């Protein structure tokens with residue numbers, strides 16, 4: 001027990017770090033679903049972003065180039081989803097599934113093209129952390145909260161920004177109208193198709209960013225399967241957070257905490273097979289869904305195709 | 001009076017189907033112009049062309065004397081054309097104020113300024129006498145208020161020409177009167193209203209001029225003062241319209257089902273049942289009259305076993321009902337024409353034949369060993385037989401039922417439900433959205449079934465339909481039975497008052 | 001010809017076009033995907049024609065190779081049937097991989113601990129796989145029925161749990177000495193192999209199961225109800241079907257099929273559990289089912305096609321050094337193009353277009369073939385733009 005107590009600052013810091021990719025991707029999904037686009041291809045988008053971020057960072061030596069590449073990759077892949085679901089009205093879940101198969105395959109392919117089949121992992125760049133003056137000097141929580149990579153600050157900043165956009169701005173209200181009732185929005189002169197495409201671009205960019213975080217901040221390597229279901233956990237976080245930015249943050253922090261906890265437990269507790277610790281994030285996601293999710297209450301037209309003339 | 005808008009020779013083609021065929025329509029300032037026509041006559045298509053949702057295949061639109069092209073709803077709104085759709089285009093999760101201001105640029109700041117928006121909208125509402133609670137969520141409003149929100153929405157966008165698509169279908173007589181006075185205050189300010197309806201009484205009451213559409217063509221435009229409802233009905237149908245009159249039954253057989261003090265969600269004002277007692281007898285049609293949303297759907301749910309009453313009992317000749325499930329009610333001989341044929345009655349992507357045997361797949365006529373192996377040939381033969389007997393118009397019984405017209409879909413349901421000679425038929429809104437021919441077909445089938453000894457519960461929002469078919473009339477208001485009246489020589493005045501809760 | 005029969009015929013002609021195109025869609029999708037794959041190979045400076053030649057000679061070049069293609073198709077047949085069965089009932093079982101793995105874990109446990117040998121032992125192992133696969137699926141099914149939880153998310157989460165559990169089994173419980181893997185199952189429990197070929201009896205089982213599933217879905221009342229629930233749950237309930245029970249049972253059957261697949265893969269091909277066992281079979285099964293438009297017989301053929309690609313990919317990698325992942329890209333593209341083609345067919349605009357086409361053919365019967373060819377081209381173009 002003592003070991004766990006002494007690991008608390010570590011856990012806190014790791015929680016803050018592990019929440020970031022989930023949060024970025026959950027907000028990506030929030031933007032997507034608010035416009036009525038259920039995207040279950042988040043895992044795929046993340047792996048695309050992870051690889052593109054890694055490669056661009058590796059070859060340029062600049063993590064910010066990696067960040068940009070990750071976002072662009074996410075957007076490009078998600079434009080496939082956008083075209084098929086918006087223009088052709090393909091079932092969103094089916095296409096999300098296809099993205100989950102396509103994007104990791106692309107990532108794996110390009111990695112092998114770049115580095116061959118060697119078993120040694122290529123070392124890319126890692127983004128340095130930035131301490132916030134004064135705040136990071138607070139004992140225990142200071143280093144945990146205010147010594148993060150810039151991407152982490154961006155992710156946390158997105159929470160109030162998105163909340164404000166959806167509730168305080170006309171554009172945000174119009175945006176939500178598309179996810180609630182696209183026919184009505186259309187008769188009101190709101191650009192339904194444009195909003196949906198925009199939603200896909202935002203979703204792709206943020207998911208790609210979330211993926212790039214994994215290869216630029218969390219580790220500095222790329223391996224197939226690095227995403228490890230985080231997209232689906234983020235998807236649950238949106239449901240669990242009831243489609244509200246703040247709720248999504250709380251959900252992501254819970255899942256981020258589990259991720260952090262399992263790492264700390266693995267290091268500190270011997271004797272119990274490590275696989276059981278690794279199960280924690282997935283099990284907690286399941287349990288959280290069982291205990292706290294009530295009936296479906298997302299945007300009314302979520303996941304439905306919009307047939308337009 | 002100056003002409004506000006004119007549509008000339010509008011045609012609109014969908015694939016091989018010509019929904020509008022050379023239609024012309026002119027509307028003057030300060031006028032209520034009625035568009036009259038059956039379902040499928042092309043009224044909605046024409047209005048969707050006017051509001052920019054569709055582009056016409058050919059034809060011209062003039063607004064205030066200038067030829068214009070309306071590229072989309074935004075164009076239409078900026079010109080001053082607004083439409084209140086029959087199925088409201090409202091966002092249930094948002095407030096009235098949000099719904100009204102959505103998508104507008106009346107207030108240039110990107111941030112929402114709710115108090116200023118509210119002041120403006122309230123002003124507008126007061127000016128035309130529209131009573132609306134701007135901070136209430138649409139989901140919590142009565143239908144009447146939702147409609148006023150729709151009208152405000154259109155006015156807030158500066159509409160001079162308002163299209164009201166079947167606005168009275170969902171209103172009580174009192175609410176309808178309120179709507180008419182709103183229309184009057186609009187025309188007094190030189191705004192024009194296109195009023196879509198097929199209720200002759202109202203049309204004659206509110207219109208200045210009337211344009212009749214039939215089969216996608218504009219038949220004629222008449223001044224209201226110079227025509228009669230009979231003439232309009234004949235023009236609408238294309239031949240002299242003789243409404244069939246059915247004999248009323250006054251001495252039905254024994255009770256097939258009785259509800260004793262049944263309540264379901266009694267706490268709800270709309271969509272609940274409170275202490276409902278009624279019985280349905282062999283060989284009679286009991287008509288349930290009332291404005292939509294006063295417990296009709298819930299009544300249908302209880303008598304088909306779809307919902308279990310919160311309190312009270314349902315009795316059948318074989319005793320009190322213990323298990324509320326559609327299956328046990330079906331087994332007890334209850335047939336159902338559900339209120340929404342697409343979502344509740346049919347499996348759209350299955351074939352006509354499959355939908356016809358939907359309830360009887362275990363039957364030995366259609367499969368060996370209680371559903372272990374289908375007898376495809378027998379199923380096909382049966383479907384062909386049903387198609388013949390019920391005049392289902394289709395290319396093949398193997399085509400998906402979704403591809404049929406509404407009338408033919410309803411015939412599939414009728415064929416399936418009546419084929420088993422049920423002891424009770426629950427018919428909820430059986431002719432909603434059907435044209436006159438299909439409506440007559442459904443009515444005739446119901447009367448035939450009644451005369452064969454079936455008990456029928458008819459639920460309909462169309463008061464004329466209830467009057468025409470019912471041997472006994474029960475009025476529902478806010479989930480309560482307001483009274484029971486004889487179908488023969490029904491006291492119309494009294495019943496309409498009861499429907500409004502008086 | 002009277003006006004009414006004229007209209008009737010036109011409708012049926014439009015319907016026939018629709019059927020033809022929906023059959024063509026996957027074939028066109030495969031073609032386009034190969035072309036794109038070829039372009040990617042060319043971009044790497046390799047010869048795509050040579051690559052594809054290696055791909056197909058490596059998977060179909062001789063009976064031995066055909067046999068190994070069939071063997072690698074075998075698990076996909078199971079997981080695709082599993083996906084198709086659940087999706088027919090309107091639930092998306094993305095947990096095929098977890099159920100497959102848990103089935104294999106159950107089988108390996110029985111095989112190594114029960115001591116039952118020969119055919120009874122094999123049957124016992126497979127039965128264990130079926131039951132455990134079904135139970136693993138039942139977790140998601142219960143959450144769906146009781147709490148209304150999205151079955152996709154829960155079944156995916158359970159995939160990760162299953163993979164970790166399997167890893168626990170082969171690293172701790174049933175470890176084979178120093179290697180992180182289980183011992184091999186006893187020889188007497190290995191499935192019968194056709195002399196001289198790598199092909200095992202499990203492939204036959206898969207084919208039989210495919211026919212059985214097709215029969216259940218198309219010819220029985222139960223299958224009819226499952227399909228009805230999948231297409232319209234509300235109408236199914238109004239018409240007296242026990243909707244929740246049907247969803248539950250379908251999901252469990254789906255899990256049972258996947259679990260059985262895991263057993264067969266274990267007893268027929270791998271003989272032991274180790275890292276990577278079953279990886280990707282769940283999603284690929286879903287992909288196969290979607291391309292086959294949920295038809296069981298179609299799934300069989302698509303799965304075999306996927307098996308051919310998998311086997312051939314290694315030959316291509318050896319021959320011209322293109323990573324095997326290219327095949328996965330091609331597969332994913334096939335799904336995207338085929339579902340897009342199907343969706344395009346269902347668009348109101350397309351339907352109107354087909355109706356116009358049918359009407360035109362009525363007028364000029366002689367030129368019909370030309371018109372159809374041009375439409376096939378259009379389908380392709382739509383797909384390509386995606």
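Glycine is no exception: its Cβ is also placed from the backbone N, Cα and C atoms.
Annotated transmembrane segment per TrEMBL: C:20-45, C:66-87, C:99-116, C:123-146, C:152-171, C:199-217, C:245-268, C:280-308, C:320-345, in sequence order.
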Q: For the transmembrane segment (C:152-171) and the transmembrane segment (C:99-116), decide whether they are in contact, meaning at least 3 CB pairs lie under 8 A, counting pairs 6 or more apart in sequence.
A: yes
Q.
Against the transmembrane segment (C:245-268), which of these stretches has the most C-beta pairs under 8 Å: C:20-45, C:66-87, C:99-116, C:123-146, C:280-308?
A. C:123-146
Q.
Considering only Cβ pairs within less than 8 angstroms, which of the stretches C:66-87, C:123-146, C:199-217, C:280-308, C:320-345 has the most against the transmembrane segment (C:99-116)?
A. C:123-146
(Q) When you look at the transmembrane segment (C:199-217) alongside the transmembrane segment (C:320-345), do they share 3+ Cβ pairs under 8 Å, ignoring any pair fewer than 6 residues apart in sequence? (A) no
Q) Does the chain bring the transmembrane segment (C:199-217) near the transmembrane segment (C:66-87), so that three or more CB pairs sit under 8 Å (pairs 6 or more apart in sequence)? A) yes
